[in-house]
Structures are given as structure tokens and as C-alpha cells.
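Features of the protein shown, as given by TrEMBL:
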- 46-144: domain 'Fibronectin type-III' (DOMAIN)
- 128-147: region 'Disordered' (REGION)
Amino acid sequence: YFIEDERLVIHSLDYSDQGNYSCVASTKLDVVESRAELLVVGSPGPVPQLELSDHHLLKQSQVRLSWSPADDHNAPIEKYDIEFEDKEMAPEKWYSLGKVPGNQTSTTLKLSPYVHYTFRVTAINKYGPGEPSPDSETVVTPEAGLQ
């Protein structure tokens, strides 16, 4: 940061710069103080944690995916994008399973048979998508005839 033309200028803002700032000017005769709150906005942070549950539903080619909310970085999360990769057939290639509203932090996923699923979730606000979550554990759906 620096002071230019009686203004505080902060370049290359980071979320850690967010907070309350005050400027105090004092002389022998008087003291004047001005306060301002600095909010740093941007795309969401990564979803910190995923959890797969209801593994018994794998027999019906379903699983429940839950996640902790992402940091919204001062702009409401509009939706979450749920993606998967097939670790066996197409590693490192991610496909969208769909989007859910930003106030939702779990969903039951309908899956195809005999796929090695790994999931990730990305939060999206008006500034765009954040970084994806860490990958979930891998689950394998049974073959179609074995359900």
C-alpha cells in the first residue's frame, strides 16, 4: 500500500486485506478520524470437504454426496457444480453431473453401472467458479446384472 494525493491506495488486494481501516489526523487543536470497511469480493473459495454416504444405495446405482460450504468471498454462492471422473476409463477427464442451488450442501446422485466414480464440487457466484474441491474417495457401482 501507499498514500497518494491524501488517499490510501492498496494494490494487489488479497482476502487478508479485508477489514476495518481508520485514518486519524491530529494537530494540537483537533483530532479527526475517518473509518471505512474494506470488503474484498471474488469467486468462491474451494469446497473444503466432501463426504460420500449411504453406500448401501450403490446397489441401486445411487450414492449421497455432502460437502461443507465454500467461503463465498462476500458474494452469495449461486450454485454448486457436481462433477465426476471415471478413474478406470477416463482418468483426469471431468464430466458435469449437474448443478444444485447454492443453499444446498448435499444431494443423492444417480449413477451408471460399473463405473469407478470420483467426485468433486465447485462453488459458483456472480464472479464465476471457484477452485474445485479435493477429490472424493472412489466408489465403484456394480455391473448392471448384479443389482
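Including glycine, each Cβ sits where the backbone N, Cα and C put it.
Helix first, then strand, then coil: DSSP counts for the domain 'Fibronectin type-III' (46-144) stand at 7 helix, 49 strand, 43 coil.
Averaged over the domain 'Fibronectin type-III' (46-144), the predicted model reaches a pLDDT of 92.
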